[in-house]
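Enquirer: I have a structure I would like to understand better, so I am pasting it below and will then ask my questions one at a time.
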């Protein structure tokens, strides 16, 4: 994979999910294949009996008029502003910010230049998980050994390619519609067009070929997301040489496909393609596969997700030129040694998927009008997502969240950043702890992580002068996993033995993407191991993998002085 280590503008996707927001500017269709963290409103749940409803007044034109939080706390905002908050980009990041702003009583508008839901809903998390759900079912049905172990007999499994593609597309359409309806119902104005900043607290938007509209706001959030990164020398035709945007449409299932990049995006698509019958060849720029994962977890994942499947790989090489299939000739891929740059090999395959990460979408945003210069395409921000100009000064009332700032290119990170910004503009200081944000790769079985890898933790420990310890538990000892005949897996805890601080947790196994949140919440809340090991987990559940993990850690600090005990209950 042309990772961030080897390609300055390539950003590997961490839940490859991974992105993540609707693009408010004209672009090619991007994708974020990560766990989305969509609000409940996205799935059509009510949410309309909202606390903010008590602050809604209806004008004679039928529009809702809200008293802003700034009005409640600091007097009425100047009438010169059309809105309290304008958000450029209606993806998961913008959507999360908009709904939280409404809860706070802000007059809010969101500008969408493509489609509501952005990368995550339309070209990422949502449709990719639909495809991965299919691949998971296919793997289970195709595993004769697994079925026999459960006492089941199943005839040969097959699939309808168009039916699978329709499942992914229909899910994206449903979530997109629910997102739109939720914002409209709660009083968010949806402004259609391509958004750009024209000056302090001033934004223009409009469709190509039509006059621009100018709107003003007390505060502005940039949430324009990202697009797939394609290195130089690679010709994408959308049919035989594709990005993840094209792959999600599943217009074909090639017999042999090369995947350039073995990060989250590449791994998830290898899971889909091999389940549907394709052979896969990975092309990775670094010396090992899955370079972004904890090395121990990556080694185990390779043994389970790659070695037994119809997958081979080339590591330590760049794909310098990829030519689409044409006139009966296959796709050709020219490889060079990543270190010496000497020619290494030429591959001929049926198709190639470019999974080399994502690039921020910030062109045409009007940043020059406020003296902001991007860094490798990213909008520079501080720890509170406040935009920094070319002189190192904060730009008043301007924020940037999500993939466009590059802090953590995950859809749910964008949403969390947006909520954090709204907290700040309504008078409550808030700094998001990015080390507490989990990520997941939805292969079968799944991979998830939060915090630092072991090498990162040891590097930090060496600099700051503390010890690092590691604890591990296996899924093979978990009753629920064994009942499912899914005992392959490992959970790993990286921590400080002197004070019980959790530095990182990595899980490979059944439902790892769900299990990680106990650890991420513990990091976010500052919970120490000596406290969390007293938490009670239902038996038999997969959550006991983490229960055993925390209990196995050896912490020198004293246990809590008081452990609450409930009344005895008859069972």
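Backbone N, Cα and C atoms are what each Cβ position is placed from, and that goes for glycine too.
I grabbed these lines from TrEMBL:
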type	residues	note
DOMAIN	83-418	domain 'FAD/NAD(P)-binding'
DISULFID	120-125	disulfide bond
BINDING	261, 262, 263, 264, 265, 266, 267, 268, 284, 357	NAD(+) binding site
DOMAIN	437-548	domain 'Pyridine nucleotide-disulphide oxidoreductase dimerisation'
ACT_SITE	539	active site, proton acceptor
Enquirer: Spatially speaking, which of the recorded positions 120, 263, 265, 267, 284 is closest to the residue listed as 'active site, proton acceptor'? Use C-alpha to C-alpha, please.
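Expert: Of the recorded positions 120, 263, 265, 267, 284, 267 has its Cα closest to that of the residue listed as 'active site, proton acceptor'.
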Enquirer: Could you tell me the maximum Cα-Cα distance in Å between the residues recorded as binding NAD(+), namely 261, 262, 263, 264, 265, 266, 267, 268, 284, 357, rounded to a whole number?
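Expert: Looking at 261, 262, 263, 264, 265, 266, 267, 268, 284, 357 as a set, their Cα atoms extend up to 15 Å apart.
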Enquirer: In whole Å, how far is residue 125 (disulfide bond) from residue 263 (NAD(+) binding site) when you measure between their Cα atoms?
Expert: 15
Enquirer: Roughly how many Å separate the Cα of residue 125 (disulfide bond) from that of residue 261 (NAD(+) binding site), to the nearest whole number?
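Expert: With the alpha carbons as reference points, the distance is 18 Å.
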Enquirer: Whole-number Å distance between the CA of residue 284 (NAD(+) binding site) and the CA of residue 120 (disulfide bond)?
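Expert: Cα-Cα distance, residue 284 (NAD(+) binding site) to residue 120 (disulfide bond): 25 Å.
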Enquirer: Which of the listed recorded positions (120, 125, 265, 267) has the least company, meaning the fewest other Cβ atoms within 10 Å of its Cβ?
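Expert: Minimum Cβ neighbour count within 10 Å, taken over the recorded positions 120, 125, 265, 267, occurs at 267.
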Enquirer: Which number gives the other C-beta atoms within 10 angstroms of the C-beta of residue 261 (NAD(+) binding site), all protein chains shown included?
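Expert: There are 31 of them.
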Enquirer: Mean pLDDT over the domain 'Pyridine nucleotide-disulphide oxidoreductase dimerisation' (437-548): what is the value?
Expert: 97
Enquirer: Take the C-alpha atoms of residue 120 (disulfide bond) and residue 265 (NAD(+) binding site) and report the distance between them in angstrom, rounded.
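Expert: The Cα atom of residue 120 (disulfide bond) is 13 Å away from the Cα atom of residue 265 (NAD(+) binding site).
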Enquirer: Could you break down the residues of the domain 'Pyridine nucleotide-disulphide oxidoreductase dimerisation' (437-548) into DSSP helix, strand and coil, giving a count for each?
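Expert: Its residues divide into 42 helix, 29 strand, 41 coil.
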Enquirer: So how many other Cβ atoms are close to residue 284 (NAD(+) binding site), meaning within 10 Å of its Cβ?
Expert: 27
